[in-house]
Amino acid sequence: MSCPICSEPTEKKYRPFCSSRCADVDLGRWMLGKYAIPAEAVEEDDRTPVRDEGDDERVH
């Protein structure tokens, strides 16, 4: 298995990375939002309120 950051062989201690440096680079990318799944924008009018089952207003 190779490091997803630099493609060097992985080190057991830092798996799936080769070093703490590459692990830190990956963490920094997560923190900056570089790993994001693209999604379609939802218009305000298209939202349907979702009701939770625990939101009953009945008093027991």
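Using N, Cα and C of the backbone, Cβ positions are placed for all residues, glycine too.
What TrEMBL lists as Zn(2+) binding site is Cys3, Cys6, Cys18, Cys22. Feature annotation from TrEMBL assigns compositional bias 'Basic and acidic residues' to 47-60. As annotated by TrEMBL, region 'Disordered' applies to 41-60.
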Protein Cβ atoms within 10 Å of Cys18 (Zn(2+) binding site), excluding its own: 21
Packing count at Cys22 (Zn(2+) binding site) (other Cβ atoms within 10 Å of its Cβ): 20
